[in-house]
Amino acid sequence: MSDIPPKDDELAGTEQPFVQHLMELRDRLLYCIYGIGLAIAVLAIWPGPNGLIDFIAHPIKAHMPPDAKLIAVGVFTPFFVPLKVLMMVGILAVLPWIMYQMWAFVAPGLYSHEKRFALPLIIFGSLLAYIGIAFVQFFVLDKMFAFIQGFTPDSVAATPDIASYVEAILSLYLAFGLAFQVPIVVMLLVRFGLVDIAKLKSFRGYFIVVAFIIAAVVTPPDVISQLALAVPMCILYEIGILGAGWFSRVSKAPEEEAEPGTAVDKPAEDKPSP
């Protein structure tokens with residue numbers, strides 16, 4: 001919500017009872033579930049669980065012997081792993097739909113100038129999440145497994161468990177998808193006056209340290225994946241600083257666009273006649 005509401009409040013009289021908000025929330029959650037269910041049904045038909053697992057497992061299998069396979073240690077692993085992959089990929093496939101439902105839930109409580117930039121932010125956030133996931137799948141995993149395999153002794157045969165592999169990969173998807181939201185977080189912080197651009201620039205050195213600490217916590221203990229997360233976060237932080245000024249200008253309310261302290265025109269005073 002804007003810090004400075006319009007003089008004629010366009011939201012006046014639109015309040016709804018709490019029960020109505022709960023019903024609206026229920027409907028939006030159901031729409032999300034329907035979208036996820038439809039995506040899972042489509043993915044189950046094509047490319048199917050086997051195709052999805054082959055796609056996800058390709059980075060590690062590329063660094064294994066040609067006849068090597070991932071193993072399933074648990075009794076129910078062959079059943080639960082494909083189901084888990086279907087669910088997670090289904091959620092990722094309809095991420096823009098889920099974020100749209102979130103926006104539609106809060107949209108009635110937003111002013112028109114806030115709605116103007118809310119939807120583009122959702123689209124931009126979804127795009128950044130997909131870029132982060134693609135970065136993991138097509139770059140990070142290949143370099144990470146090449147680095148790890150370089151330390152494997154010749155007398156050791158690497159036979160990873162599919163369950164632990166899928167869990168690690170999905171964790172990386174989540175970590176990079178969230179980390180790539182840094183520009184949006186920076187722009188929103190500046191837009192709502194929590195920080196200014198000068199403070200963000202002065203915090204630049206501290207953010208680099210924070211980025212490497214986050215990368216060390218959420219990624220596997222290898223230098224490749226840590227660098228692959230920390231370096232893009234620092235770059236995205238700079239992008240957020242560059243975009244924060246522009247975003248603050250285009251998303252201002254009409255009342256905020258007026259310069260503070262502008263003199264109001266006063267009627268001319270009658271001068272006494274000589």
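Sequential numbering from 1, following the chain as shown.
Backbone N, Cα and C define each Cβ position, glycine as well.
Annotated features in TrEMBL:
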- 29-46: transmembrane segment (TRANSMEM)
- 85-106: transmembrane segment (TRANSMEM)
- 118-140: transmembrane segment (TRANSMEM)
- 168-190: transmembrane segment (TRANSMEM)
- 202-221: transmembrane segment (TRANSMEM)
- 227-247: transmembrane segment (TRANSMEM)
- 255-274: region 'Disordered' (REGION)
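Non-local neighbours of the transmembrane segment (118-140) in the same chain are 56, 59, 92, 95-96, 99-100, 102-103, 106-107, 110, 169, 172-173, 176-181, 183-184, 188, 224-225, 228-229, 232, 236; each lies 6+ residues outside the stretch with a CB under 8 Å from one of its CB atoms. Recorded stretches compared: 29-46, 85-106, 202-221; the one with the most Cβ pairs under 8 Å to the transmembrane segment (227-247) is 202-221.
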